[in-house]
Structure formats: C-alpha cells, structure tokens
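Written below as structure tokens is the structure these notes are about.
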Amino acid sequence: MDGSAAEASILEQPSFRENPQNSKPDDDASAPTAAPAPAPLTPEELVAKARAPVKKEFLRPPPIRTSNSTTSQPHDAATEPNSTPLIKEKKSKRQLKRERRQELKSALHLCPEVAKSGDVGSCCYGEKCRFSHDVEAFNAQKPADLKGSCPFLKIDQGLCHYGLACRFSGTHRANGVVAAGTLRNEVNSLNKDVQKLLWKNKMRFPKADATLKLLGLSGKIKKLVDTEDNQVATNGSAEENAKKDSAEIGSVSDVNCCSELLEEDKPEDADATEDIRPVKKAKSSCDESYGSTEVNAGYGVHGKEDISSKPNGSKSVDIADTVTVESDKILKLHPREKKLIDFREKLYLAPLTTVGNLPFRRVCKLLGADVTCGEMAMCTNLLQGQASEWALLRRHSSEDLFGVQICGAYPDTVSRTVELIEQECSVDFIDLNMGCPIDIVVNKGAGSALLTKPMRMKSVIQAASGTVDTPITIKVRTGYFEGRNRIDSVIEDIGNWGASAVTIHGRSRQQRYSKLADWEYIYQCAQKAPDSLQVLGNGDVFSYLDWNKHKFDCPQLSACMVARGALIKPWIFTEIKEQRHWDISSAERLDIFKDYVHFGLQHWGSDSKGVETTRHFLLEWLSYSCRYIPVGLLDVIPQKINWRPPSYYGRDDLETLMASDSAADWIRISEMLLGKVPAGFTFSPKHKSNAYDSAENG
C-alpha cells in the first residue's frame, strides 16, 4: 500500500518540521531573567529513577495539550469552553434494534451477495433482505477508494470477496478481476450447524461428561461452588481465606479433589458412582507405576471410552471392560506422553488481549516468533456459540506452532470447552488462563481467583487434560496477594495433574503490572518443578540481554514468554535471534505498520467496515509502540520496559511523530496508511496499563 503522499502532507505540518539540530529557539533579549535551572541528572541517576536517559540534544519541552493526550475528540465537536455538554437520551433496546435495522437498509450497507456479483437479482432473499440492493445509491455515497491495490489480489486466485464494497475496487477493474471469492489461509471458524446446537443448548460432550464422572465431579459442581461460597462467607475476608489456603496447599497432592464435598451432597445416581469406583481400584496396580490414581482416572484412557460409548442412563460397567483395561494397560502411554509439545529455546509470543490479534501475530511471525497463542477467550461465551468469541481462535497458515487460551472457573465448563475446541479447531496446545487480574474475570471465580482455590485449580486441570489428547498448558501469576507467593507449593503437583507446561508471570494479581517482575521467584519454581513439566518465565523481557540473563541464571527454564515487549517493539524476536540491538529507523517501523494494515485488511475485510476495524486495532497498537525509544537516542542501552520516556525529538519528522503519546498523532499515522478518518471519529485506548506509574522505580 502506497502512503507516501499522505505521509508527506502530514509531516509538512509545522509541529513536525522542527529538528533539534538545525532549529533553535531565538533568544529574546527583552525577556526577564529566569531563575537558574537545576543541574541536570546524570544518565545513571535517571536510570535509578526509572526515567529514560535520552541524549540532551534530542530533548524538548513537553507539549501543551488542551485535552487528554490519550483521547481524540471528534472533528466536528468543537464547542465553547463554557458550554455544557448535551446529555444523550437513553434509548430502549427495542428502539436501538429498530435503528440498527434501518441503518442496515441504508444505501451504505450494500448486500454482500449483490456486492460480489454486481447483479441485484443474485440475492436469494430478494425484497426480504435486510441489506440495501441499490447499487447506484451505494456508489454515490461510497467513500473514495484508498491508494494501493486490493489486499486479495495475491491470494484467492485474484478474487476479492467484497466486490463493489471493496475500498480498492478500482484495482479490480484495472486487473479484470471478478468480484467473487472466499477468504483463505485462515482456519478454526465455527461450523454453522455446531453453532446452532450451542445456541439451543443441545450440544453433547461425551468425553467431558465421562471424565467428570470418573473424577467424581459429575452433578456436584454447583454444590461444590455453594460449599466454597459458604466457607468464604463464614471465614471472613479474602485475605483470611488466602492464609488458610496457603496453610493447606502444601498437602494438596494427598487430598482427593472431592474431599470438600459433604456426605449429604451425593447426587441421586450415587449408586452408579459406586459401581464405577471398583474400576478405578482395579487400575491401582498400574497407577502405582504411573503416578497419582486421580490423574489416570482424570484422563480416563480406557474408562472414558467405555462410558462414552454406552447409551445414556447406563449404571453399570461390564466386567469385560475391566479385563480389557488390564490387558491393554501396558500398550497405553502415560497421559503426559500422549502428545508432547516442546517449548525449549523457542520464542513465545504471549496471548495478548485486544492487540494480540491474528494480523499482529502474523507480523511477529515475520519478525522471528516461533510460538503464537490466540487472545484469551471465555469458556462460557464459547459454549454459547458467540461468533465474536470464536473469532479469537482463528489461526493463520503461517502459525506453525499455535495454541489458544481459554479462561473458565469450573471443571465442567473448561472440560466441555476443550472437547469442543479439539473437535472443531486445529491447535497444537490449549492454554488455561489462571492469572488474569481483570476484576470482571476474577469476580466470576476465573483467572487469578483460582490461585486462592487450589482444589478447584486441581480439578480444572485434571478435567481438561483428561478430556482431550491435545497438550494442556497453564498460565499463572506468583499469587493473588503481593508478598504471598504460592505457586512454588503446587509446582510439583501441576505436572501430575496433567499439565504439559506452566508459564509463570512474575507478578501477583494485586500488583497488576506495577513494579518489576520477580524473576528470582520464577527461578525458584523452575528448580522445584519435575523434569516432565516445562516451566516458562514471563515478565519484562525487553531485549536479547534480558533473554540471555534469564536463560543463564536458570538453565531449568524452558523458554521465556514475550508479552508487552512485543507490543512496544515486535522486532524483539529478531534481536534475540540475531543477538543484537536493532537501531531500527522510522521508515522500517512504518513498513512494519504497512504489513500490519495489509494483514488486517485481509483478516477484517477491505470494505469500509474492515478498514475502520483495522484502523481501530492499529491505533490500539500505536498506544503501546509510542513507548519505544530508538537505540541511537539513548545514553544507556538497552531500554528497560519500566522507563518513563521524556518528550524528545526524533532523528527525522516521522520518528518524532511516532514518539508522540497523543491520540491525535496516532490518528495521523493511521491516515498515512488507511486514508482520512470518517467525520466525528474518536479514539480512546482500551488498555491503560500502569507500567509507567508516577511513583518512583516503576
């Protein structure tokens, strides 16, 4: 995509023509004598205060802003300072639904089938179609085409899926392209028939149900939750419960995951449960050599198959099935050996909410990432068949080692979700999020909340690993409260529960992203972990020196996961592989953004909606990338992730623009690549991380 003309026009603005080396402020002899300025801090003193030591010749006074620098205002909303904002009337759901339908009928929303073929009669719904069929009115209101060529010309055999609606439709006619085709190179889309079954709650999960029954969790999940909630209400505050859990967590491997259930909590089909238990005892001789009895029961290598093949309501297990289990047990692999995934020495791009989308992962793959993982998806939303949640599981063909991350609070929802993912998707591993610090997730008992409930954490891992053959990995934090680390107490048991790998983020839930990650504690956990469990570290990896230090200090670490470091500078993977500090130029950075835009248009579409979706996620990424400070501007290298950058000039106008923390400047960059924003466009970044806290030292 060619944005050179737009780039030149934007950079001609006065605010970006200044240069610290050839544009000096004029001396004003009439100005009053100012007080002597304090002595500037040395680079070492700046680093000690977590402030970036930028060279003096590039420093500039901070710009004066009239509004929040991270929020852009609509272009047509200029009002007087003393004017009161208008209060919008709250509309009912029915009214909003009616307005959405009317909007779809407007000329701007052309029917996709008509757009593909250009023929009004191609739509099978005819007059009942909810979209417009007026091609002339659509062409009259359609925004001008963007510069460049259609992103689908080199794929789909030169066929564009969006036809007349494409913002590059002029290149279709120039190349004689027929407006038809389908998106390619992406997998893991949800089947419509499966989605309807999920909508109607008629989807069956035989493997998950069998595993839950073998674990003794079938029919008891709700009562287990009620028991835990009553304990929380009786025992007092969350801090007191965390202390009690920490005292009990040391003996977690010797306690059955159903020990928290009361005797009167037995389900009505307790007789069926009693009939299944002798099968578990019959396998005890094999379990002694393999490990925990519960782990093998959780996987249900044989029992699960027998139960799932029986019709519903079966309350007995055939003796022949037990004989088959005993005769074939030698041929069966240990659960941890069914499928293995090797993370050792691989560059792992962390699952990143909002910004870690498929186009961004493609960019990181080009820059050297080995392992990629989709954004966190909620189990309940996946089981409800929400298309927006299933879109988070999409995989591009370039992602050769790919996993998905899910988040759930209870064994039944997690086990059914992993069974559905293994059935419908192509993934190399499934990651369970047990470290998300977001309140809306924690309040539902998921994410970091599981760190305070080790028994439920155990049952979730066992249920997931026992349901599928796909490797199960988990991602955790050091603990829930700062100063009360607890993962080291269960690190030896996590492998026995069925996890293939564990990633430890060196911060507690209470810390969020403040202060630096505690890598010494990560080393301690990695040294205590069994050889069968791969341990990965996560937190503040921002240069190849950080990677080398962690690998050298703790050889037991399989790899390091790169998260925010990749958002700020995705070429960190190239730096690690080539073992160098890349002093990347502004033109090279712009080329990376161009690749992202190209991949985004292929993923979200080249019509107006796809262009604006691509712009939105590009702006989200720019809210992180502006924190990067070029290597050539620093007195001390490499940059640390907790350094607060001052206002500075770049070595050229484009570099100065990329260093701005103003959303208005981010929009200018997007206009270089995607054309002018629509009237009334506003943007506010979704994530406002406190990585650059106002307190000293991060």
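For all residues, glycine too, the Cβ spot is worked out from N, Cα and C.
Annotated range for zinc finger in TrEMBL, selecting from 110-136, 326-352, 569-595, 596-622: 110-136. Looking at the zinc finger (110-136) alone, the prediction's average pLDDT is 85. Helix, strand and coil counts under DSSP for the compositional bias 'Basic residues' (90-99) come to 7 helix, 0 strand, 3 coil.
Here the zinc finger (110-136) has, by DSSP, the following mix of helix, strand and coil residues: 14 helix, 2 strand, 11 coil.
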